[in-house]
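Q: Here you go, one structure.
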């Protein structure tokens, strides 16, 4: 029991636990009693939902363009490259990392036991995340149409930290990084059928989310793909007939499918918890915004999960 409590006290689990709890409390205030503390909704929302909040000069001063989302993915790709290179190098040179660096990495996650992630699984997971992050970077640059909406520095910082922590958490729990083994190897035979199924599901969810991103962008584009306006509109067709935010739903599915690939990863469980709560509250806040903004918004639509939530 004490060992388990110590694991939570490690840097990454503790950060994710505190962040998730703070996010949940802030979003509850925003949804249930936004007028109790006007600063909380201003810090919790961004984009179109933030435009609905009363002006807050402090938050406005520390806000950045929403189109800076691309920084999340650019920094995430760089971190992924470093992590992939590190894991690959350790396979052929166990002494690739300096002992001081290994000690620092060990403090980020559980250090009392041998990390359960094999190099084969680690490389597969990091490659899958690279696919996801590269796709999101492409969409933010070439697909999405951003208005003049902004997000505060709190969202910006949390987003950047998230895409740095995601690959690092997997690397830290890989054999050879936080533990020394006499011999490491990579083999396709190390990947189970369940892990391959998770990889396929991960790809399908990414493809579906990409289609949804294009569908959202098309509400602001004309027949020839030229931007015709920056106003917010209502999407119809497919998943949008069931929920207001299917792209958030598939974001959750992407992270859950990756869990099939790395089921023994410890810190990743905290990441899933953070993503699920973040996307759920974001969907509820967005869903509420649609109903307040468009009087004829379809009442049969749910926020995130068809027929349920």
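Cβ from N, Cα, C; glycine included.
In case it's useful when we look at the structure, here is the feature table from Swiss-Prot:
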| type | residues | note |
| --- | --- | --- |
| TRANSMEM | 12-32 | transmembrane segment |
| TRANSMEM | 72-92 | transmembrane segment |
| TRANSMEM | 114-134 | transmembrane segment |
| TRANSMEM | 151-171 | transmembrane segment |
| TRANSMEM | 184-204 | transmembrane segment |
| TRANSMEM | 242-262 | transmembrane segment |
| TRANSMEM | 270-290 | transmembrane segment |
Q: Are there 3 or more C-beta pairs under 8 Å linking the transmembrane segment (12-32) with the transmembrane segment (242-262), counting only pairs at least 6 apart in sequence?
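A: The transmembrane segment (12-32) and the transmembrane segment (242-262): touching, no.
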Q: Under a Cβ pair cut-off of under 8 Å, which of the recorded stretches 12-32, 72-92, 114-134, 151-171, 270-290 contacts the transmembrane segment (184-204) most often?
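A: Comparing 12-32, 72-92, 114-134, 151-171, 270-290: 114-134 has the most Cβ pairs near the transmembrane segment (184-204).
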Q: Could you tell me what the rest of the chain brings near the transmembrane segment (270-290), counting residues at least six beyond its ends with Cβ under 8 Å?
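A: Contacts of the transmembrane segment (270-290) (Cβ under 8 Å, skipping residues fewer than 6 from its ends): 12-13, 16-17, 19-20, 23-24, 27, 30-31, 44-45, 48-49, 52, 162, 165-166, 169, 234, 243-245, 248-249, 251-252, 255-256, 259, 297, 301-304, 309.
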Q: Could you tell me what the rest of the chain brings near the transmembrane segment (114-134), counting residues at least six beyond its ends with Cβ under 8 Å?
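A: Same-chain contacts beyond the flanks: 73, 76-77, 80-81, 83-84, 87-88, 90-91, 163, 166-167, 170-179, 181, 184-188, 190-191, 195, 199, 202-203, 206, 254, 258, 261-262, 264-265.
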